[in-house]
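I'd like to ask you about the structure that follows.
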Amino acid sequence: LLFFTEGELAAVARSHYCNRTYLYVCSSARARAAVLSFLPILTWLPSYPVRRFLFSDVVSGLSTGVVQLPQGTFAVMSLMIGGVAVREAPDDMFNVLPANASNMSATVDTEARDARRVQVAVMLTTLVGIIQILFGVLRFGFVTIYLTEPLVRGFTTAASLHVFVSQLKYLLGVKTQRFCGVLSIVYSLKAVLWNITSTNVATLILGLVGIVFLYLVKYVNERFKKKLPVPIPGEIIVVMVSTGVSYGLSLSDDYMVDVVGKIPTGLLPPAAPDFSLFPRLITDSFTVAIVGFSMDISLAKTFALKHGYSVDGNQELIALGLCNFISSFFQTFAISCSMSRTLVQESTGGKTQIAGLMASLVVLLVVVAIGFVFQPLPQTALAAIIMVNLLGMFKQFRDIPNLWRTSKIELAIWLVACAASVLLGLDYGLLVAVLFAMLTVIYRTQSPKSSVLGHVPGTGLYYDVDEYEEAAEYEGIKIFHSNSSIYFANSDLYVTSLKEKVILCYGKQEVTREVSSDNHVAVQHINGPVGDSCPDVDSEVVHLKTPNAVHSIVLDWTPVTFIDSVGAKAIKQVSKEYAAVGVRVVIAACSSKSSHDFSPTVIIISELCSTRA
């Protein structure tokens with residue numbers, strides 16, 4: 001690839017140098033387009049509608065930032081990174097014996113252990129960022145085409161169930177351990193129910209009041225959204241009131257209500273990661289990078305479908321990679337996206353990325369200066385905010401009856417994605433869902449729907465004669481249609497369906513078939529009037545005899561995007577069989593890419609009708 005300025009282009013053209021060279025003109029417009037594609041914020045920020053969106057984005061950002069304070073963004077990634085850190089820096093590596101007490105057991109140097117684990121997490125984050133940037137540059141985002149809408153909606157529904165169950169212990173004020181992996185949601189629910197008798201009544205009452213209030217606020221916002229100048233900021237009201245009540249009544253000390261507690265303040269100075277850990281962490285970094293991107297793009301596609309915009313998987317990879325790589329120098333760990341915080345941002349009126357910027361500024365401000373303000377904030381209030389905002393995701397269960405009526409295969413994808421993600425965890429569940437979706441593609445192409453087409457009088461349209469009464473066949477011509485490409489997995493089924501549809505199922509006819517066996521050859525005659533059901537067809541059909549009325553068979557290859565060598569041989573063989581009994585087989589709408597030793601044939605039905613007088 002050569003790049004020229006506009007002035008140099010004319011000289012190159014005159015020298016005839018550009019016969020086989022792709023030319024790209026370096027111009028200001030092309031450079032500007034390249035910059036905007038890499039930094040899309042520059043396309044919409046200059047025209048940002050301040051009066052329409054600013055207040056909603058600020059309120060949404062404040063609400064999301066406050067909810068973000070006490071928990072990690074994505075529990076699965078947090079546990080994955082924590083597992084790597086514990087593996088690389090176990091307790092027994094930091095055992096310290098007392099200086100003057102040989103009989104005493106060794107103790108763990110927790111300060112050194114934690115410092116080493118931070119180094120492991122930081123280096124892992126650096127590698128994750130590099131991998132995601134490389135994936136984005138190499139256009140690895142194409143894999144998002146396998147995340148179909150039913151798969152994404154089933155997966156995000158399962159993620160909502162995981163988040164909902166994880167918040168139950170905060171709503172009830174019970175103490176349980178955190179579970180991860182296969183059946184983690186079952187173990188978490190079991191642990192909550194097992195300890196339900198130790199529910200903190202004050203915590204539960206505060207949480208239920210918050211849930212009822214938020215539900216009513218959302219109802220009012222939806223019911224009167226045309227009359228309200230801005231949505232009522234219910235989440236901010238809950239945070240402010242619950243924090244004030246908790247501080248004024250000393251809920252943490254007198255009623256044992258769990259609160260956010262001490263928030264560490266200050267930022268660490270930037271430092272380079274420990275690259276000596278590279279060989280030990282490279283495999284884990286690939287896993288974390290893929291899981292983080294998968295969760296991010298699944299959630300992004302969910303809201304893109306809801307609000308009618310598109311998502312660029314490559315741009316998402318580059319954005320995640322840059323965030324992870326740059327922030328790792330400030331001792332952070334790998335990020336992805338959060339189901340609960342995203343729902344909070346959307347439901348509180350967030351319109352653009354300004355809301356995300358505001359949420360980030362809130363977290364930064366709290367970490368740097370005002371963390372003490374939110375120390376009395378009850379955990380149950382945050383659980384109430386998250387649970388109410390999850391209600392919108394649970395409405396995706398309505399997909400089940402709709403998919404049952406429209407597509408059983410897509411319903412199966414939805415159910416498998418949801419069930420696998422609930423039972424196996426979000427990481428393995430997503431992998432199972434993608435593999436199942438790919439298997440459905442194989443199934444659809446291996447078992448295509450076939451039909452005989454007829455012409456609709458007065459139009460140029462051809463439809464299935466079994467489904468459309470107006471469609472009529474041409475005398476002596478059978479037009480066979482199958483809605484799939486032809487390859488090794490379905491070529492036999494294609495030929496069998498062709499023989500069934502064209503020979504046995506239409507018109508007064510006689511078929512002679514010879515079935516070979518070890519001891520004899522049986523000749524069977526089958527007669528059938530129009531409308532009769534198709535008799536059973538033996539799989540070992542050797543010879544075909546058709547009524548004299550049928551003289552041509554048209555194979556409609558409009559849906560055929562490719563045909564492999566096995567499919568080509570099958571078509572050639574069946575063509576020879578029909579030619580032996582005087583039936584001409586021709587191909588219509590054969591593209592150049594699917595021809596494979598076939599000469600594309602343009603079929604004019606009137607010409608076929610006149611070939612036999």
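Any Cβ shown, glycine's included, is placed from N, Cα and C.
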Out of 88-105, 160-177, 232-249, let me know the one TrEMBL marks transmembrane segment.
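That would be 232-249, per the transmembrane segment entry in TrEMBL.
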Report the listed stretch (232-249, 317-334, 412-443) having the maximum count of Cβ pairs within less than 8 Å of the transmembrane segment (202-220).
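Ranked by Cβ pairs under 8 Å, first place goes to 232-249.
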Using Cβ atoms and a strict cutoff of less than 8 Å, what residues sit near the transmembrane segment (354-374) while being 6 or more residues removed from its termini?
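Counting only partners 6 or more residues beyond its ends, the transmembrane segment (354-374) has Cβ contacts under 8 Å with 48, 53-54, 56-58, 60-62, 64-66, 68-69, 243, 260, 262-267, 341, 345.
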If I take every residue in the domain 'STAS' (467-589) and average their pLDDT values, what number comes out?
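When the pLDDT values over the domain 'STAS' (467-589) are averaged, the result is 71.
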